[in-house]
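Engineer: First, the structure itself, so that you have it in front of you.
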Amino acid sequence: MRYYPVHRYSVHHLAYSACALPNQCTYFRTVAYAPITRCVNTILILLQPYSVPEKYLLQNNTFIPDYDLDGNYDEDCAFTLPECYRPNITNGSANSNKTYVTSKITGLSCHNYFTPAYTVDEITCYANGSWAPEFICQRDCSDPEEDYAHSTTVHKISMAIGSTVIMGCNDRYSMTGDNNITCLETSRWQSNKFECLADCGDPRDDYNNSAILVNSSWAVNSTIEMDCQEGFALIDCGDPRDDYNNSAILVNSSWAVYSTIEMDCQEGFALIGEKTLKCHENSTWTQNAFSCKEDCGDPRDDYNNSAILVNSSWAVYSTIEMDCQEGFALIGEKTLKCHENSTWTQNAFSCKEGCDDPSAFVNYSALHDPSKPRKHGSSHKMICTDGYSVKGNASMTCLNNSTWTPPKFSCVEGCNDPRLSTENSYIEDYKEGTPFLPDMTIIMKCKRHSTKLGIGKMTCLDNKQWTRNISCIKDCPDPRTFFSIPLAMVRGFTDESSRAYGVTYDFRCRLFYTLYGDGRIECLKNSSWNNVNISCKTCKCPCRRRGNPRHDNVTKETYKEIADETKKK
């Protein structure tokens, strides 16, 4: 069975002629159409152009054989037009009888209390079996009066996501904040945009023998001017915050003569003194009762690499306990005090990072790896300079107090440790800590997965030099992961195969592919494989790129040529 290319043709009209025998007929099928028949070598079908945009095609640039061997490759390039089915729109609907590729649906809608997330006029069925663009219905916000107590809606067009309403407050309530709120993508109104606060009561209830002089409003944050009734005089102290810088009123009952109030300091300041003030007969508050001292700043700004261990307050006269960050040691006094000048105790401690170079503890010694961070708790290997050899345990540890463990070695005259200059090596039957003295003979070997070059037997001479040394060449990496060559493999290589210096292998290509280039590889002295420039290309066979036929006209000779190729294959 073969398929006409739906991206080029669709059935328009059929004509039939009698077939001599049923087996002389071949079935044809096109997508979305019922099977039709025609007689072999007899053209009975009229075709009509049918264009499918490139973006709907499923497969491109692939190889496909000419299964019927007629040289007409167009019919072998057929594509399928999948069914998208009726779109499933959550909280919405769409009506359409056409659901195959290139079908379009308009008239999309959302259910009650839902609104489209964005404008979509139509959706289209694509070749991957899905509709696009996506039509999304988002839930509207609920009644905003439920989120804001004592509020009322002044102006509303929609409660969909992104819409804005104007709010107000109920009678005897006043608004503080912004009266515009927006429905967010979470289907919730913006929170804490405003608040409806109850109006103040009659001020005459709080002030005996008083009268209202000018009354604008009793709403929150509004002001009115008061007076006293006939026969009474208005006498009180002014705002006490005018007398005390950076102060705040803690408890306020009245500013009238003989009344008292409790004071505090603004955030970032500490009250030093007596917090209670009294309004005297001369209409002045108690003087010099307290002062507001500014808090100290962050103590970590004064002490590098420090951390706060116990923090109660940064106010004047308060104390805190300090520590150092990880990797640093505290040297000095850890307790700091905030003084009246709003500064912490100075130069109380310092944070020291790690340990100093320990080579000063042992003459002719040095760190084996000076670049390794000397963090607390880290151990470090010590070596001796040229002409000297380690005697004892040459490991030292940096303690948490930035000091070293006592050294357990010394540097005596002799040869250096030959392992320091030869990676991946070891000394046969050697006891660590034994010095390499003149006339001492050792046997050097290479560790596993390394190849030895040179003679391993060597002697320490009187001039503190070795008679010879070896090289240990590390094995090359696994060539199967080292090289990235599509469709190629290393011939005969397994997990147990050698990767030692000098070993060679050959690349080959997988079945139906031919190797181009020199595929021989060798493990080099730098423990890496030599570079190769190879590729695996498809074997020559009766196949070609879709849409690019080898023959413009199919003749009997062409048919025979293709048939012969297939038989040889």
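Placed from the backbone N, Cα and C atoms, the Cβ positions cover glycine too.
When I checked TrEMBL for this same protein, it listed these features:
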DOMAIN    139-198  domain 'Sushi'
DISULFID  CYS169-CYS196  disulfide bond
DOMAIN    235-294  domain 'Sushi'
DISULFID  CYS265-CYS292  disulfide bond
DOMAIN    353-413  domain 'Sushi'
DISULFID  CYS355-CYS398  disulfide bond
DISULFID  CYS384-CYS411  disulfide bond
DOMAIN    474-538  domain 'Sushi'
DISULFID  CYS509-CYS536  disulfide bond
Engineer: Here the disulfide-bonded residues are CYS384, CYS398; which one has the lowest number of other Cβ atoms no more than 10 Å from its Cβ?
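Structural biologist: Fewest other Cβ atoms within 10 Å, among the disulfide-bonded residues CYS384, CYS398, is found for CYS398.
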Engineer: Out of the disulfide-bonded residues CYS196, CYS292, CYS384, CYS411, give me the one sitting nearest to CYS509 (disulfide bond) by CA distance.
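Structural biologist: Result for CYS509 (disulfide bond): the nearest of the disulfide-bonded residues is CYS384.
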Engineer: What does the DSSP secondary structure composition of the domain 'Sushi' (474-538) look like, as residue counts for helix, strand and coil?
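Structural biologist: So the domain 'Sushi' (474-538) is made up of 4 helix, 23 strand, 38 coil.
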Engineer: From the disulfide-bonded residues CYS169, CYS292, CYS398, pick the residue whose C-alpha lies nearest to the C-alpha of CYS536 (disulfide bond).
Structural biologist: CYS398
Engineer: Could you tell me the mean pLDDT the prediction assigns to the domain 'Sushi' (353-413)?
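Structural biologist: When the pLDDT values over the domain 'Sushi' (353-413) are averaged, the result is 93.
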Engineer: Helix, strand, coil: count each for the residues of the domain 'Sushi' (139-198), based on DSSP.
Structural biologist: 3 helix, 27 strand, 30 coil
Engineer: Using the alpha carbons only, what distance in Å do you get between CYS355 (disulfide bond) and CYS292 (disulfide bond) once rounded?
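Structural biologist: Between the alpha carbons of CYS355 (disulfide bond) and CYS292 (disulfide bond) there are 45 Å.
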Engineer: Given a separation of at least six residues and a C-beta threshold under 8 Å, show me what packs close to CYS265 (disulfide bond) in the same chain.
Structural biologist: ASN246, SER247, ALA248, LEU271, CYS292
Engineer: Using a 10 Å radius around its CB, how many other CB atoms surround CYS292 (disulfide bond)?
Structural biologist: 20
Engineer: Please count the residues of the domain 'Sushi' (353-413) that DSSP assigns to helix (H, G, I), strand (E, B) and coil.
Structural biologist: 4 helix, 27 strand, 30 coil
Engineer: Sequence gap of 6 or more, Cβ distance under 8 Å: name the residues on the same chain that satisfy this around CYS196 (disulfide bond), in order along the sequence.
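Structural biologist: The answer is TYR148, ALA149, HIS150, SER151, CYS169, ASN170, TYR173, SER174, MET175.
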